[in-house]
Every structure is written in C-alpha cells, then in structure tokens.
Amino acid sequence: MAAPALGPARGCGAELTLVLLLSLFLLLGWAAGGEEAGPEAGAPSLVGSCGCGNPQRPGAQGSSAAAHRYSREANAPGSVPGGRPSPPTKMVPIPAGVFTMGTDDPQIKQDGEAPARRVAIDAFYMDAYEVSNAEFEKFVNSTGYLTEAEKFGDSFVFEGMLSEQVKSDIQQAVAAAPWWLPVKGANWRHPEGPDSTVLHRPDHPVLHVSWNDAVAYCTWAGKRLPTEAEWEYSCRGGLQNRLFPWGNKLQPKGQHYANIWQGEFPVTNTGEDGFRGTAPVDAFPPNGYGLYNIVGNAWEWTSDWWTVHHSAEETINPKGPPSGKDRVKKGGSYMCHKSYCYRYRCAARSQNTPDSSASNLGFRCAADHLPTTG
C-alpha cells in the first residue's frame with residue numbers, strides 16, 4: 001500500500017482544536033494524587049478520544065509488593081543492559097465470573113464509559129505480559145511479516161521521543177494533538193524513527209503495531225485478541241468497582257504501580273516511576289490475576305469494533321458490534337496523565353482505525369485454551 005497523504009487532521013476531529021487550546025492553557029500543572037475520584041471540580045473537561053494516543057491514518061475505515069525499581073537509563077538510546085534475562089512469556093488462567101463493566105461515573109463521557117452493566121465471562125487465558133519486541137521478532141523471522149507501518153513507510157511518534165535531526169525533517173503534525181508527528185521510517189524496529197533501535201530493549205512492548213498486525217501475530221501464535229469485556233474483566237483482577245487493577249489509589253503506600261506520565265503533559269515527563277518511555281513488560285507488580293502492565297506502558301488492542309452505545313442489560317461474553325470503522329483499545333500508555341488522558345483506568349477506553357499505529361500502541365493475546373505453539 002502506498003504511503004498515505006499526511007493531512008493535518010489525521011482523524012482527530014477539527015472541533016477539538018479549540019478544546020485543545022483551552023486545555024493546554026489550563027491543564028498544565030494539574031497534580032494527580034491521593035484517592036483518585038476523577039478530575040477536580042471546576043477543572044476543564046478532558047478532550048475526546050484523540051487524547052494521548054489516537055493519531056489515525058487518513059481514509060481508513062492486586063499485589064501489595066513494592067513496585068519494581070528499574071533504572072531511568074533503561075530506555076535511553078544506546079543503553080545495552082548487561083545480564084538482563086530473556087523477555088518473559090506465559091499465559092495465565094482467567095476464571096469465569098460476573099463483573100461490572102464500565103461505570104456510572106464516567107470520567108471521559110464521550111468515550112462511552114457508561115453505563116455500568118453486569119457482564120458474565122467464560123474462563124479463558126490471557127498473556128501475562130504485553131507482547132515484547134523479542135517475541136514479535138520471532139514472529140517476523142518465522143513468517144517474513146511486514147507491519148503496516150513498514151508498508152506505509154511511516155508511523156506516528158510522540159515529539160518528545162524524537163531526536164532533533166528527525167524532527168527537523170518533519171513539516172506536518174496532528175492539528176488537534178501537535179505532539180504527534182508522522183515520522184518516515186518509524187516502525188516496530190525503529191520506534192522513534194530511523195535513528196532509533198529496539199536492540200537495547202528486547203523486553204519492552206512492541207510498538208507501531210496496527211490492529212491487523214496484532215491479529216496476524218496472535219493467529220500465528222495460536223491465540224487471538226481479547227474482547228473488550230475480557231480485557232476489562234482481566235484488568236480488574238477480581239476486584240469490583242475499582243478504578244485501577246490494584247484499587248482506587250494511584251500510588252498505594254507511595255509506590256508506583258504503572259508506567260504513566262508524571263509532570264506537565266506534554267511538556268515534561270519527570271519519569272518518577274522510573275521511565276520516560278516504555279518499561280519492560282514485567283515491570284511493576286501484577287494484578288490479582290497475574291497480569292503485568294495491564295494499564296499504562298502501551299495501549300492494547302482488543303477485538304471489538306468501537307461503539308459508545310451500550311445496553312445496561314446483563315450480557316454473556318459480549319463481542320461488541322458486528323461492524324464499524326474503529327477498533328477498541330484499552331489500558332492507556334506511558335503518555336497518559338490525569339490532566340489530559342485519564343485512560344489508565346480499567347473502565348477507560350479509546351479507539352483507532354485497524355491500520356493505524358503509533359509509538360505508544362501495542363497488544364497482548366488471549367486464548368480459549370492454552371495454545372500448542374507460541
């Protein structure tokens with residue numbers, strides 16, 4: 001497929017421009033701490049799903065243990081940690097059960113977080129970790145697969161992760177989110193453009209994978225993408241009506257439990273959780289079902305088509321609408337901050353076109369039974 005014409009909007013509605021300007025003027029400096037009950041009274045409303053990670057290609061249809069400590073230099077270009085073990089890979093059983101999906105207190109109403117509804121889920125298996133660069137490389141080496149970012153010749157990268165040399169060659173940005181830049185040569189092997197590499201981070205989540213790429217990998221591995229309901233049920237880790245996989249406090253006992261943005265978005269990420277970009281797939285404590293980084297770090301694709309209209313009636317193993325334009329992604333990423341992209345909650349959700357990719361978008365797989373391969 002030919003490289004897309006990179007228009008200024010890239011799928012984020014033009015109506016967000018005024019909201020963005022107002023938000024950037026007012027939101028910088030918000031602090032997220034203590035009990036997380038949503039944005040403070042009188043604060044500007046959060047913008048829509050273009051938020052922290054929704055650039056699109058044009059024309060496309062638990063645990064109480066202390067958080068793991070990793071060096072801030074782990075994500076620095078050229079850093080090659082010595083003695084780091086191979087990236088972990090395993091699936092964990094998710095028991096059958098009934099849970100409350102969504103919320104009656106939506107923090108981003110236009111995302112369709114409401115209403116709260118009872119959902120029954122059959123038992124299944126879920127990857128304990130996001131698919132890593134090393135695991136995705138095995139797939140590519142085995143099949144010769146080319147990702148859509150490689151076929152298009154470009155992908156979206158957060159400006160703060162780019163070198164000055166790469167930025168100097170870019171003339172366009174996403175109008176409603178100018179920190180997203182279309183970068184030629186950006187793909188899963190070169191997440192921050194052609195002068196970057198994943199050789200020093202085999203255990204970090206693979207990025208710049210489209211929904212179609214994720215499906216191809218999961219199929220090869222004898223797995224599938226989780227439904228949105230399965231993903232959210234797994235995210236909650238056996239807890240009911242909690243914001244995060246571990247409870248309602250963002251930092252229990254002052255510890256970081258997810259890789260998200262600290263500081264002023266999009267100006268400065270202080271990296272207080274140990275990372276300014278992605279973290280290893282086994283960083284931070286797992287939730288009650290044994291899932292690591294189920295929120296933060298990298299957005300994760302689900303199998304569902306996007307809709308913001310949900311029935312309040314109880315359902316069994318819902319799979320979303322039969323067709324649509326966008327696919328659902330969950331979990332937020334290292335770019336999420338409460339002031340702008342408060343989507344590192346289990347009930348939060350966003351969407352993107354199936355062929356879109358970005359430097360904060362990855363996935364993990366699910367399966368009805370343990371596969372014989374992968």
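All residue numbers here begin at 1 and follow the chain in the order shown.
Backbone N, Cα and C define each Cβ position, glycine as well.
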Range among 57-102, 241-286 that Swiss-Prot annotates as region 'Disordered'
57-102
Regarding the disulphide bond with CYS218, report which of CYS52, CYS346, CYS365 Swiss-Prot records as its partner.
CYS365
Quick check on the annotation: Swiss-Prot has ASN293, GLY296, ALA298, GLU300 binding Ca(2+) 2, so which of GLU130, GLU135 does it put in that site too?
GLU130
Cysteine of CYS50, CYS52, CYS235 paired with CYS346 via disulfide, per Swiss-Prot:
CYS235
Checking 21-40, 141-160, 161-180, 341-360 against Swiss-Prot, the stretch recorded as region 'Interaction with sulfatases' is 341-360
Taking only the Cα atoms, work out how far ALA298 (Ca(2+) 2 binding site) lies from ASN141 (N-linked glycosylation site), in Å, as a whole number.
23
Same chain, not part of GLU130, ASN293, GLY296, ALA298, GLU300: whose C-beta falls within 8 angstroms of the C-beta centre of the Ca(2+) 2 site? Give them in sequence order.
PRO205, ASN259, VAL281, ILE294, VAL295, ASN297, TRP299, GLY331, SER333, GLY362, ARG364
Around the Cβ of ASN293 (Ca(2+) 2 binding site), other Cβ atoms within 10 Å, all chains included, total 30
Taking the Cα of ASN141 (N-linked glycosylation site) as the centre, which of the binding-site residues listed as GLU130, ASN293, GLY296, GLU300 lie within 10 Å of it?
none
GLU300 (Ca(2+) 2 binding site), number of other Cβ atoms within 10 Å:
28
Within the chain of GLY296 (Ca(2+) 2 binding site), which residues six or more apart in sequence place their C-beta under 8 angstroms from its C-beta?
ALA258, ASN259, ILE260, PHE284, GLY331, GLY332, SER333, TYR334, CYS336, TYR344
Just to verify: the residue among GLU130, ASN141, ALA298 with the fewest other Cβ atoms within 10 Å, which of the recorded positions is it?
ASN141
